[in-house]
Amino acid sequence: MQSWSRVYCSLAKRGHFNRISHGLQGLSAVPLRTYADQPIDADVTVIGSGPGGYVAAIKAAQLGFKTVCVEKNETLGGTCLNVGCIPSKALLNNSHYYHMAHGKDFASRGIEMSEVRLNLDKMMEQKSTAVKALTGGIAHLFKQNKVVHVNGYGKITGKNQVTATKADGGTQVIDTKNILIATGSEVTPFPGIMIDEDTIVSSTGALSLKKVPEKMVVIGAGVIGVELGSVWQRLGADVTAVEFLGHVGGVGIDMEISKNFQRILQKQGFKFKLNTKVTGATKKSDGKIDVSIEAASGGKAEVITCDVLLVCIGRRPFTKNLGLEELGIELDPRGRIPVNTRFQTKIPNIYAIGDVVAGPMLAHKAEDEGIICVEGMAGGAVHIDYNCVPSVIYTHPEVAWVGKSEEQLKEEGIEYKVGKFPFAANSRAKTNADTDGMVKILGQKSTDRVLGAHILGPGAGGMVNEAALALEYGASCEDIARVCHAHPTLSEAFREANLAASFGKSINF
């Protein structure tokens, strides 16, 4: 999300937006947050201002569409920016620094401190400062690109009409040629466990705890569970994650990577109970919570007591009170809006992107869909290869992957070869004393084409983008191995793994 903001700000300062050629109507001059007696006329109305919605709105305006973005919350940016990706990364980053200083890491580097104290209020303040700057950045981009921001709960009240209802009951009608639904997702509730965002919390509450709990239980060891569990474990909590599946890291992660990832997290002090289900939770008179668990296949019950219970069992599409039923748009069995390859619903001028449609619930996937969708409205080509959408877990070390896992290739009967390179053999990782993990490359046996990349280690989230580029343009393992990579860098491990996949041997391992 930050990268888009920087690009747009940079382009705007240089005046590029004014030079974009198009054959459409001029941009809207309606001021932001307008509430008028008369309807607003628009070419495109976007409902939701998360990563998919705000990027789509800006792109639509750049293409010459008169654009309105309706957002129910006071701040722009959706879940990702306000209570998701952005604040969690601030806490992950700062808790990692604290963990390094508080443990033996700094001392081993010759940095000695007599006393290290945690100021949780200050840490939360830094998180909020980052969020505020980025939400304000989107508002600035809307103004710069002449996107009309209407604050209110958007409902589709006709195939060419959206009505926004604000908190005081006032309404604004938007008459529009096209409607783009980008309302995102919400936390999936756990049956029988009531979230109070105090001691029984969702990911939202876990980002704003007032103190470090002595003991925390996390339901779910997927991406969100291990990220937020890591934050509080680093800050001093005794954290146990209970996971129904037999591995950590969620859906799509390569099993070899998952096992190594779990081992590293356990070494840091994170505890796991895999193949285990939560059957209930009871709040006691002393404020503590008894969490009942048993084997996923059934068996003897066990109780774990904690101060904070974090529920992280996933997210579900948010389509509440959108007016879909009245329009005859039915949801699929998983609550998603069915769309075609151009992101059109059964009503051709009503589109949907992001978490409300099929595919991974990722901010960058929503961004891509938003851009491609509005380009399609303007007559452009519409194409997205979901196999090239990367996934990242922002723990330390990071985990990132794109393309197929070994398990998927075996299931699909595709013959493949494997190239691996450990960070322990990478010079930059050695100098940084940060050598856990490896790069694993999967290439097609017959063609050498890259089929998947799986990275566990420092900087994995940045490195995976090189793999995504390779997959998007059909590169071979040899193609990557022959690209000169700067030395000493962590990305040399990526080159070496591709060399091992293509040639059978790496140079430095």
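Here the Cβ of each residue, glycine as well, is placed from N, Cα and C on the backbone.
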Same-site NAD(+) binder from G184, G299, G314, given that Swiss-Prot records G220, A221, G222, V223, I224, G225, V226, E227, E243, V278: G314
From C69, C80, partner that Swiss-Prot gives for the disulfide involving C85: C80
Nearest of the recorded positions (K132, K143, G222, V226, K273) to K104 (N6-acetyllysine) - Cα to Cα: V226
Candidates C85, K143, S285 (recorded positions) - the one closest to E71 (FAD binding site) by CA: K143
I224 (NAD(+) binding site): tally of other CB atoms within 10 A of its CB: 24
Candidates G77, C80, G220, I224, A363 (binding-site residues) - the one closest to K273 (N6-succinyllysine) by CA: G220
Neighbouring recorded positions, C-alpha within 10 angstroms of A363 (FAD binding site) - of C85, K132, E243, K277, S285, K430: C85
Alpha-carbon distance [K277 (N6-succinyllysine); E243 (NAD(+) binding site)] in Å: 7
